[in-house]
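*Asks:* According to Swiss-Prot, the protein has these features:
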{"type": "BINDING", "residues": "T63, V64, G65, G66, A67, G68, K69, T70", "note": "ATP binding site"}
Amino acid sequence: MIAWVERVWYGGSRWKFLLWPLSWLYLLVVAIRKTLFAVIKSSASEAGSASIRPPIIVVGNLTVGGAGKTPLVVALVEHFQRRGLRPGVVSRGYGGVSESYPVLVERNPDPGVTGDEPALIYMRTGCPVVVAPKRAQALQTLLDMYDCDVVISDDGLQHLALPRDMEVVVVDAQRGWGNGLCLPAGPLREPVRRLQSVDLVVSNGLHAQVNADYTMQLRPGRWKKVSGDEERGVNYFAGYTAHAVAAIGNPGRFFATLADLDVASIQHAFPDHYSYAQKDIEFNDDLPVLMTEKDAVKCKSFNLENAWYLEVGAELNSAFYERVDARLNELRSHKKDG
């Protein structure tokens, strides 16, 4: 099924023409939803008045599937921490299920409750992370519990109830906007013209067909043992054959990274946010098992003997951070004037 969807959205399959009428219906529903929300919002209060709450940056995308939002969120959090600011993060928590919300991500988080991406963000940065299906509720809890200077939403571009002061869209340079159609005929959650109203577009990788303000490169760091504290250099597995496990939006990107590192991979792709059982990553051989950091947060409890994850970091030009900082300074200036 996944392969068929890939062909329709990113290949030349003619199924898109049969699905096109459903895309128009989808667009109609989106338009009605936005109109109704605008009416409701005019008479409702949002989580924290813009004049008193910290600036909110939404990092999202227009397409379904992985584009590189979470690495960019981590990079922004680390940037603000280096500046001495106190950032906080809100997230939907895809892949996690809790009896009650909002959920505060704490020490040794359970990805089955918080979701894999919030757990990863907290484990990498240590900053406050709050999860709720309704991100506005997560925001309110974050503001009630922490004195944050800036809030970042991991995804949420289409979550209309979430206030925002800056929108950053991430696009996978390899996939772009697919066939340019909205769901279900294409991968778009909103038409490409939505980019006209966002602040910044960041391309994850280089591609001539993607027009972006800035380019982000995901740089491999070190291999770290999934169940333990051991580390190895980025080229440690060069020349090896290994099982490659990935439950991310675009597993092909991870597999391509392994090929660049001269690793011959036996590929095992799972749906995004897949909840692993230990048997999923136990193979009848002695080959190492390699995975992404997002997968590793869900596998730490398995006590795997020879499983490793690749830590990656988002590398961006300093001009990107200068643009973000300038926007925050502008917001603070307006707040003082108000």
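Glycine too: its Cβ is placed from the backbone N, Cα and C atoms.
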*Asks:* Using a Cβ cut-off under 8 Å and a sequence separation of 6 or more, which residues in the same chain sit near T70 (ATP binding site)?
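*Replies:* Those within reach of T70 (ATP binding site), by Cβ under 8 Å and sequence separation of 6 or more, are E117, L120, I121, D154, K294.
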*Asks:* Tell me, how many other CB atoms lie within 10 A of the CB of V64 (ATP binding site), whichever protein chain they belong to?
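*Replies:* Other Cβ atoms within 10 Å of V64 (ATP binding site): 17.
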*Asks:* Could you tally the C-beta atoms, other than its own, that fall within 10 angstroms of the C-beta of G66 (ATP binding site)?
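*Replies:* Its Cβ shell of radius 10 Å holds 23 other Cβ atoms.
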*Asks:* Identify all same-chain residues not among T63, V64, G65, G66, A67, G68, K69, T70 whose C-beta atom falls within 8 angstroms of the centroid of the ATP site's C-beta atoms; report them in sequence order.
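*Replies:* Near the ATP site, the remaining chain residues are N61, V170, D172, G249, N250.
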*Asks:* CB neighbours of K69 (ATP binding site) within 10 A?
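*Replies:* 25, counting other Cβ atoms within 10 Å of K69 (ATP binding site).
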*Asks:* Looking only at DSSP and grouping its letters into three states, which state does G68 (ATP binding site) belong to?
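*Replies:* G68 (ATP binding site) sits in coil per DSSP, no helix or strand.
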